[in-house]
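Here's the structure, in structure tokens; my notes come after.
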Amino acid sequence: MASACGAPGPGGALGSQAPSWYHRDLSRAAAEELLARAGRDGSFLVRDSESVAGAFALCVLYQKHVHTYRILPDGEDFLAVQTSQGVPVRRFQTLGELIGLYAQPNQGLVCALLLPVEGEREPDPPDDRDASDGEDEKPPLPPRSGSTSISAPTGPSSPLPAPETPTAPAAESAPNGLSTVSHDYLKGSYGLDLEAVRGGASHLPHLTRTLATSCRRLHSEVDKVLSGLEILSKVFDQQSSPMVTRLLQQQNLPQTGEQELESLVLKLSVLKDFLSGIQKKALKALQDMSSTAPPAPQPSTRKAKTIPVQAFEVKLDVTLGDLTKIGKSQKFTLSVDVEGGRLVLLRRQRDSQEDWTTFTHDRIRQLIKSQRVQNKLGVVFEKEKDRTQRKDFIFVSARKREAFCQLLQLMKNKHSKQDEPDMISVFIGTWNMGSVPPPKNVTSWFTSKGLGKTLDEVTVTIPHDIYVFGTQENSVGDREWLDLLRGGLKELTDLDYRPIAMQSLWNIKVAVLVKPEHENRISHVSTSSVKTGIANTLGNKGAVGVSFMFNGTSFGFVNCHLTSGNEKTARRNQNYLDILRLLSLGDRQLNAFDISLRFTHLFWFGDLNYRLDMDIQEILNYISRKEFEPLLRVDQLNLEREKHKVFLRFSEEEISFPPTYRYERGSRDTYAWHKQKPTGVRTNVPSWCDRILWKSYPETHIICNSYGCTDDIVTSDHSPVFGTFEVGVTSQFISKKGLSKTSDQAYIEFESIEAIVKTASRTKFFIEFYSTCLEEYKKSFENDAQSSDNINFLKVQWSSRQLPTLKPILADIEYLQDQHLLLTVKSMDGYESYGECVVALKSMIGSTAQQFLTFLSHRGEETGNIRGSMKVRVPTERLGTRERLYEWISIDKDEAGAKSKAPSVSRGSQEPRSGSRKPAFTEASCPLSRLFEEPEKPPPTGRPPAPPRAAPREEPLTPRLKPEGAPEPEGVAAPPPKNSFNNPAYYVLEGVPHQLLPPEPPSPARAPVPSATKNKVAITVPAPQLGHHRHPRVGEGSSSDEESGGTLPPPDFPPPPLPDSAIFLPPSLDPLPGPVVRGRGGAEARGPPPPKAHPRPPLPPGPSPASTFLGEVASGDDRSCSVLQMAKTLSEVDYAPAGPARSALLPGPLELQPPRGLPSDYGRPLSFPPPRIRESIQEDLAEEAPCLQGGRASGLGEAGMSAWLRAIGLERYEEGLVHNGWDDLEFLSDITEEDLEEAGVQDPAHKRLLLDTLQLSK
């Protein structure tokens, strides 16, 4: 928390010196934390108001509650505390006078102002330069920032004297001595001129002499320029300019001061005309010279290079029964003709004959990705008489499968009958260029080639729709850089990309280019910049941003360069918060929301400068072995995100490339980790400084297809980083039925809303609703109920009477399903926001109310939770919709319950659909036409490589450490989780002793903690579930408890009765035993077993960024990650049956459904039986039905196979067997030697051992 003691304020309200109780730019939440730490009645501070510019907020602590009073300036710059009607207003000239009066008792405040609370300052070294680690050792002189750049705002007045202090010394040393001469004139000759004017003089001789003296150097410079231009002019025209010649001849003649000034003005006028004339002369001369030459070629109008036909070698995946009929599995060649819109299936027969079938693009109905087998893909073809057929193919690799899917999507898009696209591809590049010009060839950056997750060679040349290039320490001029980018793209794609925006701040630049066909789809372009150096004004660090609308979808792009230095993590965090708050992008009507909530899709990238907290030799050893997992555990950015300090609920693709900084220039083989400085040797450990993160609205479509770095661009000590994204977009919807009439109006109706807000205040609140589908924002009435079980948190509730009915401007479901609602919870006393959130309308559409549940945040900090019940009523005649192109690819739901390689957990209810590695959970959707018939079925938790057709997601963090504890148990029941909405055990404020709960008794049953983490303090609140989670199995269930055992509420908070409108399976159906620990409330809780994952190299013990799910935080009692863990299971139990846990295996027709919009994961994994796949493929149903019989799913057989392989010491082959379809012991008995070889078993002894063991088990 940073607070400055500068002195903004109207009319010098703070006097000549800012007092200790004044905190500039301090947030409301941070102010309450400072007062809570003070802990004494009468503690107070003054901060800037968040709702009214130029106003202040007086915060007073009394009886452990914070009371806030607004201090408003009037038209005469007097200050007064806002009072109730009828109370006389007292006016003050300064804040000091105001505080002095209210420090006396009985002045109308809740208590007298007794104890001023000072801010916490981060100690800075005397020379506070960002180049502390040698990163910017010789930065070029920064150019002037453009007119669109903005700096941190300062108040209209300053406590310091006039503007002469910081600039005078520099000005005195200016080469022309202008400031010195001017200063001398004002001190001496000014008086003489004044006397002369009083005496009737009509001119100012001393001022004239002063100006002439100051401009003498300008005289000589103009003479030099004129002389050079005259020579250049003679190249194109033999005649000289007589005026120029005369002026040059007079340059050595003696002149008086007045004559000198007249001569200078004349020279400047001649120079202006001469510059214009010489251009015309040159143009005419060159036109005459080329009149006999052949005409210049016309600009190229070629379209993008055509995509050649691509072939993929695959094997047909068949059942065991079919395999016995046809013998060895069949091999196919799939040829994709994007330009022709055809897919050809070529099957090679044993007698060398070929059999092929051609499907046009409109006969390919759906692609179904297997979640469990990464290189398996189901393709649904349309046959005659409206029948379909599904074929499952096994590709050579998962990358080939993704390339095939991308080509088919491109083919569908190219031949679509839709006028506007449903999906576009976006390239994001970030590169710290090290103040060195780039090499001639940067194609590998443009085409995402290099290390990490890269595109397949068949798709690298496909041009993206939008290219965004962010650079730092870029010494190339803006125009030159833009031309370089456009030229590179032109050479690569044969397309003339259009520049949409270019924004610079010093040497930080962001450039956005789009395909020519999309130029008219771009609107509302906005640019901005923020300085984050010393006092947010000096230095060379900061951020630049660009935002625009692509049809109906808003995009934001932020390129930043944060403070360098291993030890400056807190400063980097503050840089991020400053950028988040001060960058002015997007819709101005959404100024109540920070930029993380203003855009459908926000991409944040750049040189974030977060480092690795590990010894340099250990880092180098891990890099040499290409073991990045231990390094990612000590990555500062990951650690800070897991503590909710920065990038709240942003996503980042899994990192599989080496650290991009700090390389020896000219090579990518050596890290230059030591730097000789005057103060000694400076160590710059290799780090992932250059990153790409993103945040999207819930229930939107976004997939990260690549994330890596180049390995052949070596001019800088940073490697360029790239990321490519598949992004769903919406069109500017035009209703075929026209604007909504009263008879067919759509309505957004709320039954209730309930929020938990992190505050020590007890004021009333109201909600504001914003959306592009509304004509204007709407407000609710103040809440009609509130309660508090904890001093630092307040639960507020609104019934339907207090909530408005919203009327969208259009009533069509196709329009409404793409809309979102932004909510901000504001206080009645100061009209300041206590938290904002976004809710997708798609899941709320229906004839019955649906539940929504999400987090509140403010100024980048998590400040609460909000849940409610609402419905979007759409007239029946406006229910028509169509399938989006990105919904054409789905996840095989039959396999969704199987384990994935690295599952992760989400933290909210409504999330963007993303196929990235880090977003965490899949949810199968039902068609919108079915929304009025039945609620959606929730899928089990997982981490798919690609999204389902409608998978709401929130921003999870990456699990990096398998939790330690007891071996995986089964079959023991645990108590159901309690409702955290009324459980004070969840509410812990950072640095403040818990005042309502007894201290936690020691728990001897806690899982052992690694030695490297013994210096950490246990947390007794829910942790944000960062570990791997075992997926539920039919008939088995899964644990509902969090990884940290001390997270369950005490037993005196029973769950409420089950609402009739929201019935679904409880989060824990068949809980499993685990180590018993006690939470703060004293309730016993059984921790879940460690999850299962594919074998990976063993990791040495060490501090883990995921330590929060182990129930630990860093030393120093840093509980910031649990400032708001208050409702990790916010509403799970409110809708859980009160009776005993039921069996996880239910007959299909009786499966219970959750309300749409509730999370599949809210701090812990939910367990549901894997839903049956719903397809129109009749011939496949009979084949798939046995898989769900007998109370087992595919994951169960896989687990048995895993145990069997471990028993015989051959677990290394598990992944190869699973990827080739041998995932169940029941079918392994039919495996052959050839099948084992294809699965990677080459050792004859191992093959014999496997076959013999299987034979004995028959």
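Backbone N, Cα and C atoms are what each Cβ position is placed from, and that goes for glycine too.
Fair warning: this is a prediction, and the values are worked out from it, not measured in the lab.
Among the ranges 183-186, 771-774, 983-986, the stretch that Swiss-Prot annotates as motif 'NPXY motif' is 983-986. Your range for motif 'SH3-binding', going by Swiss-Prot and the list 38-43, 104-109, 944-949, is 944-949. As annotated in Swiss-Prot, phosphoserine applies, among S158, S241, S1003, to S241. Residues S132, S528, S564, S904 are shown; Swiss-Prot lists phosphoserine for one of them, S132.
Neighbour counts of Cβ atoms within 10 Å were compared across the modified residues S890, S1257; the minimum falls on S1257.
A strand conformation is recorded for S890 (phosphoserine) in the three-state DSSP classification. Confidence in the motif 'NPXY motif' (983-986), given as mean pLDDT, stands at 41. Across the range of the domain 'SAM' (1196-1258), the DSSP-based residue counts are 45 helix, 0 strand, 18 coil. S1257 (phosphoserine) sits 37 Å from S890 (phosphoserine), taking the C-alpha atoms as the reference points.
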